[in-house]
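Taken from TrEMBL, the feature [4Fe-4S] cluster binding site applies to 31, 56, 117. Among the features that TrEMBL reports, domain 'Nitrogenase/oxidoreductase component 1' is placed at 31-419.
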Ligand code: SF4
């Protein structure tokens with residue numbers, strides 16, 4: 001399949017920012033349903049009811065069922081082919097399935113109706129269905145909808161769509177109050193570490209979205225400063241801004257440099273001095289430096305390519321190049337939101353090959369020519385590339401492994417060092 005290729009800098013030539021090559025063509029990436037894998041673990045009283053096809057059910061069962069071991073709080077209501085006249089039956093069927101789920105699971109606080117891409121689902125107005133069901137279950141369970149269709153979302157955009165659906169539900173922050181809102185799913189252990197650091201820095205109150213339970217929604221208003229923990233939440237950030245919140249510009253909290261820069265953005269907004277920041281973070285930074293030293297030995301000088309997949313590529317490339325000494329061969333990202341990536345773009349090395357979007361065949365040709373030591377890609381491409389003798393890392397692991405913050409910096413480096421060590425052992 002032929003693709004399109006264009007280049008731009010996004011700002012004035014000579015500004016030192018990397019040139020971005022845009023590609024359009026065939027792409028290989030999960031749809032937004034994948035987000036349910038980590039969202040259902042984080043929001044403990046949420047249930048995700050996917051209105052979809054057998055393909056959607058299969059994706060969830062194989063992705064979620066194989067990779068996680070938790071009480072599932074998701075299901076797929078499979079919609080068979082109907083004509084428009086049959087849609088009334090679909091709505092009745094949906095009401096019946098929702099009633100059944102809620103009867104069996106009285107602990108559910110929020111039920112998400114998740115749209116997918118089969119044409120029968122597109123014909124169904126899920127927003128109206130959510131409104132109708134919300135009225136029926138008012139006071140007992142919140143019913144929301146969002147689309148994770150492969151036509152509208154890729155992989156991590158499913159989380160963005162889910163969190164955006166939560167924004168109108170957040171209570172109003174009283175005028176004159178201020179608070180920090182951290183956006184993006186973080187494992188509880190990482191959330192607790194950040195909460196402790198913010199408390200030691202004298203920053204607060206601090207809230208996290210998504211919350212662990214939907215009975216404890218964070219407030220939102222003009223006194224809210226938003227700090228993104230994940231780079232793929234542009235729509236949610238914009239929805240928060242529409243309610244008066246201010247988005248803090250920061251790198252993402254991967255590695256020592258990213259985490260320090262991320263915390264610095266909050267300290268500056270709160271008027272906390274650099275000396276306090278240095279004093280509070282020094283012990284964690286020393287621990288992270290010790291942990292990283294070991295993995296740096298395996299990673300230094302190794303060549304890495306990222307295929308566009310999770311939208312985590314740019315911050316991870318920055319970490320691997322600046323803190324682990326890796327050489328960036330190509331950094332592909334499915335979308336580039338220049339505002340959200342402003343701090344990260346300036347930290348990439350000059351001349352790095354940065355691509356936005358995908359033209360799969362063309363990208364694979366480049367990869368085969370480059371033959372990097374490690375390629376970060378989706379599950380679907382990993383096995384074929386391994387069979388060609390290329391070492392790979394699954395990008396989905398980076399989304400549901402604790403990798404944020406100082407204390408996880410060494411674990412993050414290890415995720416990339418492990419396949420290289422394994423390859424070296426196999427060669428021996
Ligand atoms: Fe496939 Fe679309 Fe279902 Fe995703 S939402 S699994 S792309 S049919």
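Backbone N, Cα and C define each Cβ position, glycine as well.
Predicted automatically and left uncurated, TrEMBL annotations should be read as such.
Recorded features from TrEMBL, shown on the structure.
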residue: 31; record: [4Fe-4S] cluster binding site; DSSP (3 states): strand
residue: 56; record: [4Fe-4S] cluster binding site; DSSP (3 states): helix
residue: 117; record: [4Fe-4S] cluster binding site; DSSP (3 states): coil
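Counting other Cβ atoms within 10 Å of each Cβ, the lowest count among the binding-site residues 31, 56, 117 belongs to 117.
Taking the centroid of the Cβ atoms of 31, 56, 117 as the [4Fe-4S] cluster site, the other same-chain residues with Cβ within 8 Å of it are 32, 33, 52, 53, 55, 59, 116, 118, 148, 149, 150, 151.
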